[in-house]
Amino acid sequence: MESESKLFNGSEKDVSLSSSKLTKKESLKVQKKNYREEKKRATKELLSTITDPSVIVMADWLKIRGTLKSWTKLWCVLKPGVLLVYKTPKNGQWVGTVLLNACELIERPSKKDGFCFKLFHPLEQSIWAIKGPKGEAVGSITQPLPSSYLIIRAASESDGRCWMDALELALKCSSLLKRTMIREGKEHDLNSSSDSAHVSLYGLLRANNLNSGDNLPLNDSEIERHHFKDQDMYSDKSDKENDHEHDESDNDGLGKSEESDSDTSERQDDSYIDPEPIDIKETTYLEQSHEELGEAGEAAQTEVVSEENKSLIWTLLKQVRPGMDLSKVVLPTFILEPRSFLDKLSDYYYHADFLSEAALEENAYNRMKKVVKWYLSGFYKKPKGLKKPYNPILGETFRCMWIHPRTNSKTFYIAEQVSHHPPISAFYVSNRKDGFCLSGSILAKSKFYGNSLSAILDGEGRLTFLNRGEDYVMTMPYAHCKGILYGTMTLELGGTVNITCEKTGYSATIEFKLKPFLGNNDSVNQISGKIKLGKEVLAILEGHWDSEVTIRDKKTDVSETFWNPTSDIKQRRLPRYTVKFEEQDDFESEKLWQQVTKAINNKDQTEATQEKYVLEEAQRKSAKERKLKGEEWTCKLFDQDSVTGEWHYRYADTRPWDPLNDMIQFEKDGTIQTKVRHRTPMVSVPKIKRKPTSQKKGECGFSSPEPDNQDSSGSEAQLMKHNTRIRKKGADLGELQSAIESIKETQEDIKRDIMALRNRVTSNSPPADNQFLQLKHYIFIVILVLLQLIINFLFK
C-alpha cells in the first residue's frame, strides 16, 4: 500500500504506512494533493452553510442604524461565520453579508427601548463580503450602512442577550459549527458528544427558520471556480514557489503514471490554475532632469527690462486701462515662464511627505501644524526674474508624480483646463497608501492698476485625510507685479489665506505682506499668521515665505523654527517624475507647448510669439466650430457639479487604503487606479452640498463610473447603476428647484393681485363726508325717537 499523509488546518496527521516507502517527490506530491483537497473542503464547508436553509443559528427582525443616524428594520439570518441581511424573509432581497471572522462584539448603551449591541472591525476595515449568496454584486437599495461596523437593536433585552450569545459562539466556534451543522439533503451523524452539545445549544438559541429552501440557491461549481481562480489564491510566496516545483517534478521524473494522471484530473476538476501575474499597464514616468528653484529674497523676483521690450510693454499698455481684466489680453513672450500654469500648480507637492506624516499624526493640533508647514513649502520654488506661466489651452492636461522612499508610495497629480472663458484649471492629487488626497479648481483673474497688476487665484483646494474623514479647505494668495511704467519690475505675493478644518475646529490664517514703499530688504516676502482652535489663538507665525518661518506658542511664549528651506531640506525634497514624452497626448502641456518652450529657451522671441499665436488661433477656430454646430465642450477627466459648481475628478477614489486587499496605486491615461487582490464594489458617498462658487456651472453630476480596466478596483456595472441613480437624483433636485421657483413666482403674482384688489376697494369706498352725513342722520333720527317717547310719557 502507498503511504498518505493528510493535512488538516496546517497540522499533519500520520496514517498507517505500507512496507514500501515513497520517494521524496512522490511524498511532496501527495502532500500538495491533500493541501488542495483541504482548501476545497474548507470552501465547501462555507458554501454548504450558506446554501443549506436548515443551517441557521438564529433569524429574526432587527433594527440596524445607517450612516445617516436613522434606523432600518431588516431581516437578519445568522449562520456559522456569516450574518446575512435581507429586506424581507420571503423573496430574498439581499442587502449584505457580514463576515464574522474579523469582527468583535460589544454591548452598546442606549437611551431608547430595546437592547443595543455593536459588531465592528477593530482596525476599521470593511466587514462586508463583496458578493451575495446568489453571486449578487449589488444589494437591495436601503439607507447607506457603515462599512466597518454595524449598530444593531433588538426588540427586548432578552432577545438582544440571545443574539449576543449566538454571535459570540458564531465568532469563536464557526469552523466547528460548519462541520456539525452542515446538512446536504439529510442529517449527518455527529461524531462526538462535544459536537452534539454545540448543536443542541444552538438549537436553543434559534429564534426562527426560513420557511422555504428557495431563499438561498447557489451554484457550488461556479462559486468554487471563482474562489480558486482568485489572484490571491496563494497564501504566501513559498506556496507559489512550491507549486512551480510541483509542475517541474511532473515534467521531469514521474511521467504519466496513474498517480500523476489522477492528480492532473483532480487539479482540473478543482479549477486549480496559476494566478495571473501582476501585469499592470501603467504610464511610463521619467525623473525630471532639470529644475529651477530660484534664490531667496527680492533679487530673484526682479526683472530689468531691455529697451526693445519696453516698447512692447508700451504697446501693450495702450490696449488696457486701470481696473481692466487682462485675461483676454495677449502678453509678450519675454515675460513668459517656459511651462504651463497646470505645471506650476504642482510646485506644492515636492514635500508631499509632510502630508504623509500629518495623516499618521494622532493629535489634531499637530496635524494642523504639519498641514501649514506643507502649505508654506510650496512657495520657495520660483523662477529667476518676473515670469508668468502659459495660459493653458482648453482641454490641456498635465500629469506627474512623486515617489515617497520612506513609505514606498506614489503621489499622483492630474490637472486639466476645464474652461477657457473664464479660465478655470481643475486638479486632483492622490496618495491612497499614505492616506490623503487633494482636489480643487482655480479661476485665474488679472487686474491692471496703472504701474502695477495683480494675478488673482480665485478658488480653493480641499485636502482630505482618508482614514479620518477630515477636510482642510485652503485658499491661495495673489501675485502682485509693480514697476511696469517706472521703477524696477518686481513680483510679490499678497493677501490673506485661510486653512480651515471644520471637523476638528482648528484653523490657520496667513497674511502675505507686500513690501512697504519705504521698506528695507527684510520687509520683502514677509508673512504673519495664527493657528487657532475656534477663536482661541494657540500659536503665532512670523517670517518670510521663501526662507525661515518661526512659530511662537501663546501659552509658553517659546519660539522655534517652524519651516526653513535650507539646502539640506531642498536636497531631501521628493523627486518629480513626468510622463515620457512619447506617451504624452497631443494636448498634454509639454507636447502642446514644445515649440514655444524651445523658442523661449533659444531666446527667439519672434518665433515664440509666432508659435504661441498658432496655438491660440487654433483654439479660437475650434471654439467657433463648436458654436456653429451647437456643441458644448466635454472635459476628459473632470466633471462639474450642476448644483455647487465645483469640479470633481471623474475617477476619484477616496476609500482608506486596505493593506490586505490593495496592492499598488498606479496611473494610466489620466486615470488613477488601484491594483487589488480581490475586486470589490466601489461605494461612492454623496458629497455634502456646499455654497456654490462664482465659477461657471456645467451639467455634470457628482461622479462618473470607473474606466473599463481589469486592474481598477470596483464593479463597473454597480458604478454605472450608482451613477444613473445619482444623475436621476440630480434631475429630481433640478425639478424640485424649478417647482420652488414656480411657487415663488405664483406667490408674487398673488401678492400683486391682493395689492390691486386692496387699492380698488379703497378707491370705490364712499368718501368720509358721506359717512359723516349718514351718521348725523342716524343721530337725528334717534333724538327724534327719544323726544317722541318723552312727549308720549308726559301726556299720558
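From the backbone N, Cα and C atoms, a Cβ is placed for every residue, glycine too.
Record features (TrEMBL):
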- 733-760: coiled coil (COILED)
- 228-270: compositional bias 'Basic and acidic residues' (COMPBIAS)
- 706-716: compositional bias 'Polar residues' (COMPBIAS)
- 55-172: domain 'PH' (DOMAIN)
- 1-22: region 'Disordered' (REGION)
- 228-279: region 'Disordered' (REGION)
- 688-717: region 'Disordered' (REGION)
- 777-795: transmembrane segment (TRANSMEM)
Beyond the flanks of the coiled coil (733-760) by at least 6 residues, Cβ under 8 Å: 642-643
For the domain 'PH' (55-172), the mean pLDDT of the predicted model: 85
Tally of DSSP helical, extended and coil residues in the domain 'PH' (55-172): 19 helix, 45 strand, 54 coil
